[in-house]
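A quick write-up on the structure given underneath.
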Amino acid sequence: MFIDSVKLTLSSGHGGAGAVSFRREKHVILGGPDGGDGGDGGDVYFVCDNNTHTLANYKGKRAMRASDGEAGMGRRMTGKKGESLELIVPPGTAVYDAQTNELLCDMVEEGQRTLFLKGGKGGLGNFHFKNSINQAPEYAQNGMPEESIEVRLELKLIADVGLVGFPNVGKSTLISAVSNAKPQIANYEFTTLTPKLGLVEVDQFSGFVMADIPGIIEGASDGRGLGVQFLKHIERNKILLFMIDSANYRSMSEQFSVLKEEVAKFSSVLASRDYAIAITRVDAAENLDENISEFMKSINLEPNQVGKFVYKQDLYSFDAKKPYFILPISSATNENIDELKFALLELLKKEL
């Protein structure tokens, strides 16, 4: 099950109490204090693991805590430190304060291990309180209390290319055609209910990761449809590929306008990312050339045919306000799919 948001309360361990103890041995009269210190409470860590892809392990858990430190003992023996709590999360997991929405830590790299909550310090045993005035102290410190906080974990997938389009425009068909991902594909809207990642191999030495998210509809940034819960998954993508359906009842210009507006409403940073446009399902389109021409006029672009591309910029004079390319494709017939992969790789290399 794909779970990308959970809320739970995390607590470190309470420090163990120091011991009140006196040396008791044969032939030792009035042995001095020998109470050991309490053990420190367990810490809380977040650990980033590439083999984990969801937050499902934490669904339904209201609270998790590390172990308390054990109390000190006689003979100046320190109590055992509490066992730490490690939360294994996938790359792209952000940890927020559930009350203030403050970002507390961001887990993005394989092997990253972040100390999140420190366990309470163990209390001092009565051995530490012996002095010239009081040779037999009968008190010790209690352990320090644990730290506790309610957090919200949000998973935002990390990919190179994010697919942006209305439902049923061919995003899942494309990612299954170019990568190892096998999303559910059917001829109805919202077939994709969870995000999918696919590794696209361009040649023997190059490739990139593509993310397919559920289709965007007008009002998605305000929570309509599957809304913001999935728009967040393209936040970390390096570039965006807008999928414009040439066989849709909406005009190409209407589709593009709504998609750009929803992305901009959701995040101005995301809206400023470099992007390209794929005109999909050209095998099923009518009046394709005429409709493409009208679309390009609507976004103030002059056609500059470059091979199979109806529009393509020169990377050396790149204008980020315009798409890098506009390419008609068909995932069903593999028309221009190789050209699409190489062009996306070119744009990604510009980002490096």
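Backbone N, Cα and C atoms are what each Cβ position is placed from, and that goes for glycine too.
Annotated domain 'Obg' per Swiss-Prot: 1-158, in sequence order. Taken from Swiss-Prot, the feature domain 'OBG-type G' applies to 159-349, supported by sequence analysis. Annotation comment: Swiss-Prot describes 165-172, 190-194, 212-215, 280-283, 330-332 as GTP binding site. Marked as Mg(2+) binding site by Swiss-Prot: Ser172, Thr192.
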*Please work out the mean pLDDT for the residues of the domain 'OBG-type G' (159-349).*
82
*To the nearest whole angstrom, what is the C-alpha distance linking Gly165 (GTP binding site) and Ser172 (Mg(2+) binding site)?*
11
*Tally every other Cβ atom lying within 10 Å of the Cβ atom of Ser330 (GTP binding site).*
21
*On a count of neighbouring CB atoms within 10 A, which of the binding-site residues Asn168, Ser172 is highest?*
Ser172
*Looking at the binding-site residues Lys171, Arg281, which one has the fewest other Cβ atoms within 10 Å of its own Cβ?*
Arg281
*Which of the three DSSP-derived classes (helix, strand, coil) applies to Ser330 (GTP binding site)?*
strand
_What whole-number Å value do you get for the CA-CA distance of Ser172 (Mg(2+) binding site) and Ser330 (GTP binding site)?_
12
*If H, G and I count as helix, E and B as strand, and all else as coil, what does DSSP give for Lys171 (GTP binding site)?*
helix
*Report, as a single number, how many Cβ atoms besides its own are within 10 Å of the Cβ of Gly165 (GTP binding site).*
24
